[in-house]
Amino acid sequence: MDKFVVEGGARLEGRVSVGGSKNAALPIMVASMLSDGQSTLRNVPALKDIKTLSKLMEILGSQITYSDGVMTLTTPEFKDFEAPYDLVKTMRASVYVLGPLLARHKKAKVSLPGGCAWGPRPIDLHLKGFEALGAQVTLDAGYILAEADQLVGTDIHLDLPSVGATGNLMMAATGAKGTTRILNAAQEPEMPALADYLISMGASIEGGGTSEIVIEGGKPLHGAEHRVIPDRIEAGTFLVGAAMTQGDVTVTGCDPDHLRATIAKLQAVGAQVDVGEDWVRVRSTSKPKGLRLTTEYYPGFPTDLQAQFMAMATVSEGVSVITEEIYRDRFSHVPELNRLGADIKLTENIAVVEGQPHLSAAHVMATDLRASAALILAGLVAKGETHISRVYHIDRGYERIEKKIAELGGVVRREDEPLVT
Ligand code: UD1
């Protein structure tokens with residue numbers, strides 16, 4: 001198993017480009033299964049989650065090639081309709097296959113994803129939505145079985161603007177008879193990206209990126225070409241790294257419009273932020289100030305950057321208060337940051353962080369994808385060498401992160417960590 005060794009004391013400086021968005025690529029790959037034609041996706045990041053989903057789709061009948069960010073996908077017919085536990089447990093986004101399987105194959109069986117390192121993550125809104133579209137949904141031995149001879153369009157009001165439910169139902173609705181309106185839909189940039197791809201496949205969709213998406217189902221769909229949008233979370237991770245190391249980093253190939261809440265928080269802590277058409281530069285010459293931050297649905301501050309901003313707060317001037325409203329248990333990084341000398345007190349979903357002059361290196365454990373990124377950032381401002389175990393989490397969502405940080409002057413080494421038995 002790999003670990004990272006992070007040398008503290010670097011000031012991140014220079015230019016770094018971001019890759020395609022994992023969370024945009026995953027549903028779009030799955031959506032290609034709605035037609036039997038070939039789709040070509042560009043700017044697909046080389047990540048473990050992408051490989052996991054490819055594997056699952058190949059089991060279901062897709063033929064996939066991938067080279068240098070370009071992926072071709074064809075699903076002439078379905079060979080199977082079951083997403084097995086072994087794959088779903090490593091990646092929750094596997095539940096996205098429910099939508100296209102139901103729409104085109106009329107039947108889907110997907111293992112329940114269960115909880116994860118940061119609490120229960122239900123999919124009840126996906127299932128209620130499928131039922132509203134006329135599917136019979138049953139649960140058996142840890143599997144969801146959904147069936148429908150013909151989905152029928154209807155109004156679906158989501159109790160919460162869930163990204164996964166919005167994407168899944170949008171895909172299913174392209175195969176439904178008549179009109180579906182998804183109300184209180186998620187507005188995260190990955191959703192209008194999915195709508196754009198579906199439209200280029202021949203679907204009729206209006207309102208992607210708003211809270212009301214209208215899908216006219218039943219249009220014949222074909223393969224399409226699509227470029228995956230830049231990863232706003234990867235971009236935000238490097239930008240916060242610049243602010244907390246008092247550095248000067250220009251993130252290129254990003255969409256600044258998707259980073260508005262992040263940029264506002266970086267300005268609030270005193271960093272200078274310049275924005276171009278597809279780049280953002282963050283400069284700082286003094287310690288960041290403490291901040292108040294609450295995670296929210298888009299366009300609010302993203303939960304996927306909460307851990308990285310908390311890493312910054314550990315070395316900020318004064319006290320920060322960070323409230324997690326999307327996943328109220330998403331704090332597995334807190335004990336690890338405290339091992340590095342941070343002073344974080346957690347009460348329910350509110351973390352109070354007393355900024356320290358510096359952190360001190362230690363052995364810590366990556367517990368999930370974004371927590372791992374937070375630990376790398378913390379390691380960069382800790383005195384000494386921080387050892388981070390279980391970095392397989394980070395390989396799920398960040399491409400070559402150690403190389404990109406090295407390009408900015410930070411030292412992160414990947415080393416083999418023998419298993420102790
Ligand atoms: C997606 C992202 C993830 C991000 C999250 C929130 C992908 C692959 N993952 O996850 O990185 O952290 O959005 O921006 O894109 N909920 C329910 N019932 C449901 C579905 C969701 O109660 O059926 C709740 C969740 O518990 C959570 C909130 O809704 O509190 C948002 O979850 P959701 O937007 O669905 O997240 P994901 O799509 O799983």
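Glycine is treated like the rest: Cβ placed from N, Cα and C.
Nobody curates TrEMBL annotations by hand; they come from automatic prediction.
Note that this is a predicted model, so its numbers are computed, not measured.
Among the candidates R92, R181, R260, the residue that TrEMBL names alongside R121, P122, I123, D124, L125, D304, I326 for the UDP-N-acetyl-alpha-D-glucosamine site is R92. On its own chain, D304 (UDP-N-acetyl-alpha-D-glucosamine binding site) has I233, R370 as residues at least 6 apart in sequence with a Cβ closer than 8 Å to its own Cβ. Annotation for N23 (phosphoenolpyruvate binding site): same-chain Cβ neighbours under 8 Å, separated by at least 6 residues, are A93, V163, E188, E190, D231, I233.
Local packing around the binding-site residues K22, R92, R121 was summarised as the count of other Cβ atoms within 10 Å of each Cβ; on this measure the leading residue is K22. On a Cα basis, K22 (phosphoenolpyruvate binding site) lies 21 Å away from P122 (UDP-N-acetyl-alpha-D-glucosamine binding site). Annotation note: L125 (UDP-N-acetyl-alpha-D-glucosamine binding site) sits in a helical segment as assigned by DSSP.
Of all the Cβ atoms in the protein chains shown, 11 others lie within 10 Å of the Cβ of D124 (UDP-N-acetyl-alpha-D-glucosamine binding site).
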